[in-house]
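Colleague: Feature table excerpt (TrEMBL):
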type	residues	note
DOMAIN	B:62-109	domain 'NADH-Ubiquinone oxidoreductase (complex I) chain 5 N-terminal'
DOMAIN	B:790-912	domain 'Na+/H+ antiporter MnhB subunit-related protein'
REGION	B:925-954	region 'Disordered'
TRANSMEM	B:79-99	transmembrane segment
TRANSMEM	B:161-184	transmembrane segment
TRANSMEM	B:204-229	transmembrane segment
TRANSMEM	B:297-315	transmembrane segment
TRANSMEM	B:321-345	transmembrane segment
TRANSMEM	B:407-429	transmembrane segment
TRANSMEM	B:503-522	transmembrane segment
TRANSMEM	B:599-618	transmembrane segment
TRANSMEM	B:625-643	transmembrane segment
TRANSMEM	B:687-705	transmembrane segment
TRANSMEM	B:746-767	transmembrane segment
TRANSMEM	B:820-841	transmembrane segment
Amino acid sequence: MTMEMLVASAIAVLTAAGVYLVLRARTFPVVLGLAFLSYAINLFLFAMGRLVINRPPIYDKAAEGYTDPLPQALVLTAIVIAFGMTAFVVVLALRTFLETGADHVDGREDAETGS
Amino acid sequence: MLFLLALLPLIGALAPALAIRWGRNAAAVAAGSTTLAALVVLASLTPGVFAGETVRASVPWIPALGLNASLFLDPLGLMFAGMILGIGLLVIIYARFYLAAADPMGRFFSYLLLFQGAMLGIVLSDNVLLLLIFWELTSLSSFLLIGFWRHSAEARQGARMALFVTGGGGLALIGGLLILGNIAGSYDLTVILQQRDVIQASPLYLPALLLILGGCFTKSAQFPFHFWLPHAMAAPTPVSAYLHSATMVKAGVFMLARLWPVLAGTETWFLIVATTGLATMVFAAWVALFKDDLKGLLAYSTISHLGFLTMLFGLGTPMAALAGVFHIINHATFKAALFLNAGIVDHEAGTRDLKHLGGLFGLMPIAGTLALIAGLSMAGVPPLNGFISKEMMLEEAAHTVWLGQPWVFPVLATMGALLSVAYSLRYIVHVYFGPRRDDYPKSPHDPGLGLWGPPALLTALVVVIGLAPATVAGPLVDRVAGAVTNGASPHVHLALWHGFKPALFMSVVAIAAGALALMMHGRLQRLFEAGRLPPAKALFDAGVAGAAALSRRGVDAVQNGSLQRAMAALIGTAVVLGFAGFLGAGYEPGDRPGVPASAAAVVGWIALVTATVLVVLFHRARYVSLIYIGIVGLIISLAFAHLSAPDLALTQISVEVVTILLMLLALNLLPKTTPAESRPWRRVRDGVVACAAGLGVGGAAWAVMTRPLDSISSYFWDNAYSGGGGTNVVNVILVDFRGFDTFGEIIVLGIAALGIFALLETVGTGASGRRVAAWKPDTVRSPEHHPMMLVVATRLLLPLAVAVGLYIFLRGHNQPGGGFIAGLVVSVAILMQYMASGYSFADQRLRADHHTLIGAGVLTAAATGLGSLLFGAPFLTSAFDYFHLPLIGEIELATAMLFDVGVALTVIGAVMLALAQLSRVAQSAEKAPPPETLEAMDVDPSRTPATPAREAGR
C-alpha cells in the first residue's frame, strides 16, 4: 500500500461524489458537490508535485531535499479562491430561494417548499 | 507625427461629449478644432509627400503575430486623409446648424470623430491587421451614426442592416487579407505591394481575391450588396453626406486602389471587378431616376458612381486607375455638396419628396444655384469637374473589349452616363424649377451661412477643378495615380478639351438623351414599375428571421433550460473525450517508486472515504451532511501536513472553518432537507457518469504520480532566499515570484465578496423581502441565545487569536504562514465574536468597514508593487534588509511583507463581508425578539439597561 494509491483513490472518490452531487436537482447538494470537486481538484494539483514526506519547502542549507513548492503555491491560492466561489454560490442559492420560493436548480416553483 | 494625426480624432472624440455641458457651440467647436488640428498636421506633412517621400511611423505591438502599429502616408493616403478631414470639417460646421436643439449633439460629434479616426486609420495603416481593426471600427461608428435617431424604427433597422452587410463583408476581408499576408510572408502593406508576381502565381490568389472583393463590394455598396446604402439614409443628412457618399463607402474603392498593384491586371480581376462595377453603375442609375425621396435618389446615384469607380479600377489599366483617382475627388466634392443641399431642402421646405417639391429657385436662390452647379457636375456637363472624369471614363470604356465583344462596355457606359444626366437634371428641375407651389410643409427660404457655406465651398471646388484641372488637381492626381499603380501611370495633362474622340460623342449622346429621358419620365416610370425588383429589405428581413429561427431551434435542441441536463452533457462529454484520449494512446505504467503508507494514513483514508460516502448517501439531511463534509476537509488538511505542505494544511483548516460557518448560516434560511425527486434511472445514470469521472481523474492522478518529476522549481528554491529574502519558498512564490497572480487572486476574492454583498444587500426588497418577512424559524432554537460561557471565552480568546494571526503573518516569509492564513485566522477570531455575542454587538464594535478593508488591501498590494517602479525595478519586485531592534534583536523587513499585508487585509475584508451580510439577513429574518429567558447563563451583550430590545444597537 503506497501513499500514491491512497491519494489517487481519494481523488477518485471525491471527484465521483462531487459529480454525483453536482447533478442533483436542488441547489444545496450542488453546492456540496462543488465543494467536493474543489477538494478533488486541489488534491489533484497538489499531487502534480508528487508526494514527499517530511521535506517541507522551507529553505535551509542543511536540508537534504525539498518537495516541489510550485504546486503548493498554486493550490494555496486555489483553496482561498474556492472558498470565494463556494461562498458566492451559496449566497446565490439563498437569494434564488428567497426570490423564487424554490431551491430547484432550474428556479422552478414547487408547492413542496414554496412559502 | 503620423500617430498624432491618427490618434487626434480618436482621442478628440471625447472632447465634444464633455464640451456639450457648455452648450452646443462648445461641442461643435471642440469637434471642429480637433479636425482642424488634424488638418494642420496633415498639411505640415504634405510637402514631404509631394516631394516623393513616404512618411512612416511604427511601434511594435504584438510582433509575434506580425501585428505592429505601423502607419505610412503616401499620396493615396494623403488624398483620402485630406478628404476625410476637409469634408469632415465642413460637415461638422453644417451639422451644428442642421441638428435640432433636442438632438444630443455631444454624442453626435463624438461618433463623428470616432468615425473620422477610424477612417483615417484605414488610409494610414501600413499593417493590414491594423487596417482591419480600423475597417471594423468604421462599420461600428457607421452603425452608431445611422441609428443616431434612436426613436426611429427605420433608423434602427437601417443601422442593423448596414452593420450586418458591412460587418459581414469585413469578416470576408479579414480572411482575404490574412491569406494575402500569408502568401506575401508579411502583414506590412509596403512589403505585400512589392510581391505582385508571387501573389498572382499563388493557387490561393483566387480565394484571397474573392474574399477581399467581398469586403470591398459590401463596403462600397456594389450590386448585389448595394441594398444597405439606401436604408442607411435614415441617418441625419450630414452623416449621409460624410460617411455614405464622400468617405466610408469609398473605403472599398480605397482597398481596390491600395491593392491594385498586386491584385489587378489578371483576367479574373477584370471580369469580376469591372463587370460588377459596370452593372452597378447602370442598374443603380436606372433606379435613382425613379426615386422620389431626394436622399434615396442621391443614395442610388452614389451607388452608381461607386460602380463607376469600381469599374475603372477593375479595367486594370494605369490610365483607368488615374481616371478613377480623379473621379474619387470629383465625386466627393459634388456629391457631398448635393447631400448637404438635400439637407437644406429638407430643413427649409420640410419635405424631401420630389412629388411635393418644385419651383424653389425663386425662394432659395443661393441653395438653388449651388444645386444647379453641383448637379450639372454630377451630370457630367462641361466645364465642371464631373465632366472631365466622366469623359476619361468613357474614353477607357470605349477601348474595352469584354469577352470578345467590343460594344458591351461603350454602350453600357454611355447608358450609365445617360441615366446619370437624367437623374441629375431631375434633381435640379423637379426641386428648383417648374411652377412655384403653395403646399410646402414649411415656408422655404435660403438658410443661414452655416448651412449653405459648407456646400458652397465644395461647389467652388467643383468649378475650380473643372476650369483649371491641371493646376488645381493635376499634381495630386498624378502622384496618387503613381502610388496606386506603383509608378506605372502615365503623366496626363488634365484638361476640359480632349479633342474629337469617341468619348466626346458618347458624352453628347448621353447629355442629349438624358435630357430627353427626363422629359419622358412619366412613361419611363411605368416601365420601371413594371419591372420592379424584389424588395431587398423584405428579403433581408426574411433571411434574418429564418436564421434566427434556425439558431433558436438549434439552441433549444441542446439547451432546454435545465441545469441538470446541461451539466450532465458537459461532464459526460468531458468523460467521453478523456477516455477516448486514454484509449487512443497506449498506456504504460510508471515506474517511480511510491511512498509507503503509514497506518495513520490508511486510517485517515478510511475516514475520508467513509465521510464522503456518507455525504452522498445522506445528502438530503443537510445539517448532517455538513458535519461529514467537515470531516473530509479536516482529513485533507491533515494529509497536506503529512505530505510536506504545512502552508496548505493551515490554509485548508482555516478555510474549512469559515466555509462550514457560511453554509450553516445559509442553511438557516434554506430548506433543511432535500426532497427525493430523482427517478431511480436518473440516479443510476448520474452514478455511472460520476464513477467514470472519478475513475478518470483518479487514474490520471495515479498515472502522473507514478512517473518521475521534472520541475522548474529548482529556480525558486535557489533564488528564494538570495533574491526574495525568505526561506518559506511557497510564501516567496506567492508574494514575490508569482506576486502578480496573487494580486489578481485577491482582486477576484474581493469581487466575489462584493458580489455576495450585492446579492444580500437588496434581499429585503421585492419577492425575497416578502419571503424573509414571512419566514418562520423551522428548527428548534436553543433557549440560550448568547451562552455566557461562550461569550466570556471568545472574548478572552480574541486578543489571543489575533496575536496568533499576527505571529503567523510575521513568520510567514520564513516559516509556514503568511498573509492568506493570517487573514483567515483573524477572520475566524472575529467571527467567533459574531457567533457568541450576536450580530449587533459585534458589528457595533468592529470599527473597520469591510469594503474599506478589501479596498485598502488591494490598494496596499498594488502600491507595494508600484513602489518598485519608483526604484526602476519591474512591477512587484521586492526588496529586503535586516535591521537591529533593541530587545528583539535582528529582524528582517521585506517589501513583500507589505504586499502580504494587502493580501491579509483583503482576505479579512472579504470573509467578514460575506459572513456579516449573511448573518445580517438571518438576523432580519429572525424578527421576533427572543423572549427574555430566565436561564442564568444567557446574556445578551447588546442589551443596554435602558432599552432592553435586542435591536437597540442597530
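The backbone N, Cα and C atoms fix where each Cβ goes, and this holds for glycine too.
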Colleague: Using a Cβ cut-off under 8 Å, which residues of the same chain at least 6 positions beyond either end of the transmembrane segment (B:79-99) come close to it?
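Modeller: 5, 24-25, 28, 31-32, 35-36, 38-39, 42, 73, 105, 108-109, 112, 116, 119-120, 123-124, 236-238, 241-242, 246-247, 250, 254, 325, 328-329, 332, 336, 340, 343, 347, 447-448, 450-451, 453-455, 457-458, 476, 480.
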Colleague: I need to check the long-range neighbours of the transmembrane segment (B:161-184): which residues 6 or more away from its ends have a CB within less than 8 Å of a CB in the stretch?
Modeller: 66, 128-129, 131-132, 135-136, 138-140, 142-143, 146, 191-192, 195, 198-199, 202, 204-205, 207-219, 225, 227-229, 231-232, 255, 259, 262, 537, 540, 544
Colleague: So which residues does the transmembrane segment (B:204-229) touch in its own chain, when a touch means Cβ under 8 Å and the partner is 6 or more beyond its ends?
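Modeller: Contacts of the transmembrane segment (B:204-229) (Cβ under 8 Å, skipping residues fewer than 6 from its ends): 135, 139, 158, 161-162, 164-166, 168-170, 172-177, 179-180, 182-183, 244, 248-253, 255-256, 259, 263, 266, 268-269, 272-273, 276-277, 279-280, 283-284, 299, 302-303, 306-307, 309-310, 536-537, 540.
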Colleague: Same-chain Cβ contacts of the transmembrane segment (B:746-767) under 8 Å, 6 or more residues past its ends?
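Modeller: Residues packing against the transmembrane segment (B:746-767) from afar: 850-851, 854-855, 857-858, 861, 902-903, 906-907, 909-911, 913-914, 917-918, 920-921, 924.
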Colleague: Determine how many residues of the domain 'Na+/H+ antiporter MnhB subunit-related protein' (B:790-912) DSSP places in helix, in strand and in coil.
Modeller: 87 helix, 12 strand, 24 coil
Colleague: Provide the three-state DSSP residue tally for the domain 'NADH-Ubiquinone oxidoreductase (complex I) chain 5 N-terminal' (B:62-109): helix first, then strand, then coil.
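Modeller: When I sort the residues of the domain 'NADH-Ubiquinone oxidoreductase (complex I) chain 5 N-terminal' (B:62-109) into the three classes, I find 32 helix, 8 strand, 8 coil.
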